[in-house]
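The structure appears below as structure tokens.
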């Protein structure tokens, strides 16, 4: 066997012996690409043992997914990752990571905007179409992440299976986006906390939020998994509660309320004309819903970001991908259906939906039914969603940056980790302080937008 500079799985061959400057790996005769699901259950484990990975493969061997934990612990892309990172995430953590990443403001606050733009049926169809696309992406990601459980997930997959330049571009874009989302979530928390206390100092809220985020980010990855597990459970419980409450309100189960049923599907109708009129306008409304649904489903891919820190990744990741998708699609479809039954698509209270708890369709329906405690409950869970999103952005950004450093596409200083395996240098760009005057161009550019929001 010859050491390979890139992560090129030997199983992705066609019977030929690949040679070149970056790899020299002998591949089996059968290609797994024709039968990916069967292949995952029978493929030999990958074993990377050097910084320039050597891929061990014995023709004719076919271990199953129930291999011992010791055999799975050998699956690591490089000696750097195997030495510095720790496997602390179990399958239950992965399942909840995907749920915590995708259930948030898009569901609790944004569904009203979807109904307003596309109508109750247009919103339901839009989320269904995007859900099936996410299903395909999630299953594909699960297969490749199980085959190549590396830090950085699909960024490293793109490098190995497409081109190093592709992985480099995706990786740095992902790092940039994730590290920018941390201050964005801090700003959102300020708005949410001021829903209760308008005079509280924004500085104190941001300091507390940043300390909590940094604490989780620097802790052992299992701590992150447990925190996200709790947040995901809170979100699931709230979604189930809101769906049941919405059905009770819709069916007239609250004293003093009448049965609504599908009244709003008839008047103002199942579809909404968006921008244009006629069938074209109704199609544009459906299309506008899909663009928002893509944002709502974003985050399901986060469960594979820490594949190198997952126990038994070959079995845990595919199973988590399937379970996460099933749960999320059920929650979103039921929630969209219930929201379309609770509020009119032309309700003026949905204007600007997604910017505050008061504009949540669940809160609007509860207020109409005389239930005053729902806004505070939703606001509290949305705050945990913001913290959860910040934690996941820090995890994804740091692991991708670490993966780039492993491949020499980022400075080697980002390879430094704590004794318990947290890449602490990778997280520092998300908390940098710059000269306040540098924000002047942004203040000028968004001045009119800010005034309209105020």
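The backbone N, Cα and C atoms fix where each Cβ goes, and this holds for glycine too.
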Feature transmembrane segment in TrEMBL, mapped to one of the ranges 65-92, 121-148, 345-372: 121-148
Among the residue ranges 32-52, 263-283, 284-304, I'd like the one that TrEMBL describes as transmembrane segment. 284-304
For the transmembrane segment (121-148), which stretch among 202-224, 236-254, 284-304, 324-343 has the most Cβ pairs under 8 A? 284-304
Would the transmembrane segment (284-304) count as touching the transmembrane segment (94-115), if touching means at least three Cβ pairs under 8 Å and pairs must be 6 or more apart in sequence? yes
Averaged over the domain 'Amino acid permease/ SLC12A' (93-424), the pLDDT of the predicted model comes to 83
